[in-house]
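Pulled from TrEMBL, these are the features on record:
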type: DOMAIN; residues: 4-72; note: domain 'MIP18 family-like'
type: BINDING; residues: GLY100, LYS101, GLY102, GLY103, VAL104, GLY105, LYS106, SER107; note: ATP binding site
Amino acid sequence: MATEEQVYAALRTVMDPELGRDLVSLGMVKEVHLQGGRAELLIELTTPACPLKGQIEADIQRALLPLGLEEVRVRFGGGVRAPQQYPIPGVKHVVAVASGKGGVGKSTVAANLALALKEEGARVGLLDADIYGPSQAKMFGLEGQKLKVDQDKRILPLEAHGVKVLSIANIVPPGQAMVWRGPILHGTIRQFLEDVAWGELDYLIVDLPPGTGDVQLSLAQLTKLSGGIVVTTPQAVALIDAERAADMFKKVQVPLLGVLENMSYFLCPSCGARTFLFGEGGGRRLAEKLRVRFLGEVPLEVAVREGGDEGMPILVRDPESPAAQAFRQAARELAAELSLTLFLPMA
Ligand SMILES: Nc1ncnc2c1ncn2[C@@H]1O[C@H](COP(=O)(O)OP(=O)(O)OP(=O)(O)O)[C@@H](O)[C@H]1O
């Protein structure tokens, strides 16, 4: 009959593929129950959205095989690991979504990544800091809704599809031109972070304006961002600007968690054929050049645009569509990269 010590010894041979250390020394083995010929394990991953769950489970099964157990059941648990210091009280991670060029789908990506992380069990907020072209209120069907404050006069974010959303569009009347001077803008970003009752969040996703301007700078100065991602299309002009956005993160010492390529190819709704409208492989090549994780390719699908216009992001509107699946995978990659930064401090 296998003993607990033997199980732990076997688990010491199972590596977290990304961290390169074994599950026991990483403190991931939370429970080992042995009864009869059965073992039940509780493994706490660095994030519930870990993309390598399947592989880790298979490795565990393989490592315990020589112990001759009848059955090994693996449960995965644990929440999102937090940094030593929270960037905002109650908020574990602030992640910025940037793009060099406008119109590459940054807001669509921010919305769907937020929803995908929520789907994995995380508590998620979305801050629309794209003050020149806020689109999250529309994307989440919250247009025209007024914000309320709590008894401490803190702004209460709105909520849709299980994500807390705060957009400047719910503050400034629609269609009104916004001229933001540096100090006002800085103050507004500060308010978004400090005077909003975000509550307990694992991730606060921030949808930045395109380019490399004052909002980015203010955000980096006002809070400790866990990281940022850059959204691009495969097109050469977009890639040049994307590299600039990546460089901005470097300048303000924010870890670049990855590059996501959107509008990678058009997926024909009737025959499923792929047409590479903007070229092929540019996002991956950029990620390789920058030595960061490639978060994946999201196809251009009519339903993504329709969903965005109707207040139903694709993850909600058509969860099984190729774009939704690509967003889900990208969110897992992002969560995994983020938890890596907690173990391996920035070089
Ligand atoms: N994968 C996709 N498939 C189809 N349409 C998409 C996709 N991604 C984004 N879109 C559409 O492209 C348009 C621009 O997207 P979005 O507003 O997300 O871009 P953005 O980069 O945030 O723009 P801005 O620079 O104005 O902030 C929207 O109509 C959106 O619905």
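Our numbering is plain: 1 for the first residue shown, then up by one each step along the chain.
Heads up, the Cβ atoms here are built off N, Cα and C, so glycines get one too.
Checked against ligand 1, the binding-site residues GLY100, LYS101, SER107 give SER107 in sequence order as having a Cβ less than 6 Å away from one of its atoms. Same-chain residues at least 6 positions away in sequence with a Cβ under 8 Å from that of VAL104 (ATP binding site) are, in sequence order, PRO210, VAL231, THR232, THR233, ALA238, ALA242, ASN262, MET263. Reduced to three states, the DSSP call for GLY105 (ATP binding site) is coil. Helix, strand and coil residue tallies for the domain 'MIP18 family-like' (4-72), in that order: 23 helix, 18 strand, 28 coil [DSSP].
Under DSSP, GLY100 (ATP binding site) is assigned to coil, being neither helix nor strand in the three-state scheme.
Of all Cβ atoms in the shown protein chains, 14 besides its own fall within 10 Å of the Cβ of GLY102 (ATP binding site). When the binding-site residues LYS101, LYS106 are compared by the number of other C-beta atoms lying within 10 angstroms of their own C-beta, LYS101 comes out lowest. Within the same chain, the residues at least 6 positions away from GLY100 (ATP binding site) whose Cβ sits under 8 Å from its Cβ are PRO210, GLY211, THR212, VAL230, THR232, ALA238, ILE240, ASP241, ALA242, GLU243, ARG244, ALA245, listed in sequence order. Long-range Cβ proximity for GLY103 (ATP binding site), meaning a same-chain Cβ under 8 A and a gap of 6 or more residues, is found for PRO210.
There are 27 other CB atoms within 10 A of the CB of SER107 (ATP binding site), with all protein chains counted. Sequence-ordered, the extra residues of this chain that approach the ATP site, with Cβ no more than 8 Å from the Cβ center of GLY100, LYS101, GLY102, GLY103, VAL104, GLY105, LYS106, SER107, are SER99, PRO210, VAL231, THR233, ALA238, ASN262.
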